[in-house]
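The next block holds one structure in the form of structure tokens; read it before the comments.
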Amino acid sequence: MVARVIPVEPFDLVIFGATGDLARRKILPALCRRYAEGQMPPEGRIIGAARTELSREDFHTMVSEAFDEFLGASAPDAALRAEFFERLDYITIDALGDDGWSDLSGRLRDDVVRAFYFSVGPSLFGPLATGLGRFGLVTPETRIVVEKPFGNDLETARALNQTLAAHFNETQIYRIDHYLGKETVQNLMAVRFANILFEPLWNARFVDHVQITVAETVGVGGRGAYYDKSGAMRDMVQNHMMQLLCLIAMEPPYSFEPDAVRDEKLKVIHALDPVEPRQVVRGQYGGGADTASYAEEVETPDSNTESYIALKVGISNWRWKGTPFYLRTGKRLRARTSEIAVTFRDPPHSIFGEDAPWKANILVIRLQPDEGMTLKVMIKEPGPGGMRLKDVALDMSFADALGEDMHIPDAYERLIMDVIRGNQTLFMRGDEVEAAWAWTDPIIAAWQKTADTPKPYDPGSSGPDEALKLIHLDGRSWREIR
Ligand code: NAP
């Protein structure tokens with residue numbers, strides 16, 4: 001199956017932090033891919049910007065090496081690279097200095113969409129916004145893309161929102177949460193709102209509970225210094241998992257317009273119950289036969305930061321009161337998997353007798369690996385041996401359903417094109433981010449107050465035993481991480 005590609009309008013995109021990991025690994029490969037597919041028009045221009053002094057050719061060499069390193073067999077061929085590089089420039093600029101800005105201004109066109117991608121550390125988000133304003137680079141058609149983390153708590157998020165608002169309207173600010181760019185996450189909205197099947201059942205009367213799992217096998221690696229100040233709660237729950245929860249729990253928006261969707265997500269965040277300390281389990285991985293412990297990796301022997309967190313979250317509204325949402329995420333776990341599992345309640349009465357082997361219907365939405373969906377249903381086991389029941393999985397892998405040739409775009413491909421198109425649906429609004437922090441901050445404050453220490457867990461396990469108890473106490477169990 002070949003996806004329909006509609007080219008976006010011509011644009012100038014400046015990537016601040018173009019020599020950094022994210023730009024080389026994700027942003028530039030995503031743009032090259034969109035160019036190859038014909039979505040980035042030939043009139044599109046990209047300017048990489050960072051402090052390192054590089055010629056245009058040096059920068060092309062750096063990007064070419066990144067393509068080889070990160071795209072492997074799907075790296076663009078020489079002809080495509082040459083075409084793409086014709087549209088790729090580089091400028092030396094220090095976000096904190098005065099040099100380079102007027103040179104940058106001279107390279108930008110006035111009659112096309114202008115986007116500035118802040119792919120730099122969060123301490124530079126404010127100075128960059130101020131620099132763009134101070135040097136007169138903001139036109140009505142200008143957008144900024146702001147990476148995560150957006151603040152470290154409510155206070156810092158609010159301050160950053162205010163700094164950005166001094167130079168940009170909310171409609172010009174694209175706060176990225178790359179989870180929202182994943183095909184399956186968008187598909188969640190299609191499943192819920194383009195089918196009649198699920199919506200009547202999508203509430204506390206029929207849904208027993210929801211599990212959201214984001215498990216990684218890797219440790220903190222080179223991000224140790226950043227991660228140790230953040231932890232799983234700030235790094236994953238406040239943003240990515242919160243977004244997933246919102247998409248599962250929100251009311252149907254009146255349209256797919258950005259603010260219609262974001263209004264509904266915001267209502268979910270406002271309806272989240274405060275989380276008691278007994279509803280949270282924090283963990284930290286220990287060392288393995290050939291892997292370092294978390295504390296060794298971050299070089300802080302007494303680190304109190306969690307590399308794992310599990311929470312039980314309640315939502316106080318008519319739709320969800322009484323249906324818990326269990327969230328867990330962690331590093332160095334058994335497998336790399338992200339999924340949302342909606343477990344339905346048992347039917348009110350079994351006509352097959354009390355002893356029928358009953359298994360709940362579960363809708364599993366897999367975000368990775370092998371994006372797709374599974375619906376667990378009960379059927380009669382084939383054969384003449386009477387009415388024996390069995391649960392089977394109606395399985396849909398997107399790769400199978402859409403054909404092997406169908407390229408599932410990386411989240412950044414979709415999101416950057418949305419920036420150029422001016423579509424903010426998959427980006428977080430300022431009030432949404434603040435509301436998420438307002439819910440998160442007291443949870444963090446509570447464990448800081450009680451000097452809670454993370455529970456140790458073995459690398460390659462499913463997390464600390466205490467997390468099993470968290471859900472077992474409710475008579476439920478986690479789905480296996482595999
Ligand atoms: P990184 O590898 O440390 O790159 C930072 C970039 O910023 C470099 O290009 C650096 O180049 C540039 N820079 C630093 N100081 C500068 C200054 N004063 N003026 C202009 N440029 C400056 O970081 P990263 O991993 O790419 O992450 C970038 C942002 O994306 C961060 O906010 C991060 O939290 C977020 N993010 C990253 C990932 C990821 O997978 N890497 C994932 C999600 C979010 P020079 O030293 O040459 O100036």
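Counting begins at 1 with the first residue displayed.
Backbone N, Cα and C define each Cβ position, glycine as well.
Annotated in TrEMBL:
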ACT_SITE  H240  active site, proton acceptor
BINDING   G17, A18, T19, G20, D21, L22, A23, R24, R51, K148  NADP(+) binding site
BINDING   H178, K182, E216, D235, K331  substrate binding site
DOMAIN    14-187  domain 'Glucose-6-phosphate dehydrogenase NAD-binding'
DOMAIN    189-479  domain 'Glucose-6-phosphate dehydrogenase C-terminal'
**Asked** Can you list which of the recorded positions K182, E216, D235, H240, K331 have their Cβ under 6 Å from some atom of ligand 1?
**Response** none
**Fill in**
Taking only the CA atoms, the spacing between R51 (NADP(+) binding site) and H178 (substrate binding site), expressed in whole angstrom, is 26
**Fill in**
Same chain, |i - j| six or more, Cβ under 8 Å of T19 (NADP(+) binding site); the result in sequence order is G48, A50, T52, L54, F59, M62
**Recorded NADP(+) site residues G17, A18, T19, G20, D21, L22, A23, R24, R51, K148, farthest C-alpha pair in Å** = 21
**Least Cβ-crowded entry, counting other Cβ within 10 Å, from the recorded positions listed as R51, H178, K182, H240** = R51
**Message:** Name the residue among the binding-site residues D21, E216, D235 whose Cβ has the smallest number of other Cβ atoms within 10 Å.
**Reply:** D21
**Fill in**
Cα of G17 (NADP(+) binding site) to Cα of K331 (substrate binding site), in Å and rounded, measures 26
**Fill in**
In the domain 'Glucose-6-phosphate dehydrogenase NAD-binding' (14-187), averaged pLDDT is 96
**Asked** Any idea what the Cα distance is from E216 (substrate binding site) over to H240 (active site, proton acceptor), rounded to a whole Å?
**Response** 14
**Request:** Please report how many Å separate the Cα atom of D235 (substrate binding site) from that of D21 (NADP(+) binding site), as a whole number.
**Result:** 17
**Message:** Tell me the Cα distance separating A23 (NADP(+) binding site) from H240 (active site, proton acceptor), rounded to the nearest angstrom.
**Reply:** 20
**Request:** Tell me the Cβ neighbour count for G17 (NADP(+) binding site), meaning other Cβ atoms within 10 Å of its Cβ, over all protein chains shown.
**Result:** 23
**Fill in**
Around the Cβ of K331 (substrate binding site), other Cβ atoms found within 10 Å total 24
**Prompt:** What's the CA to CA span in angstrom from K331 (substrate binding site) over to A23 (NADP(+) binding site)?
**Reply:** 23
**Request:** Give me the Cα-Cα distance between A23 (NADP(+) binding site) and H178 (substrate binding site), rounded to a whole Å.
**Result:** 14
**Item:** Neighbouring C-beta atoms (10 Å sphere around the C-beta of A23 (NADP(+) binding site))
**Value:** 24
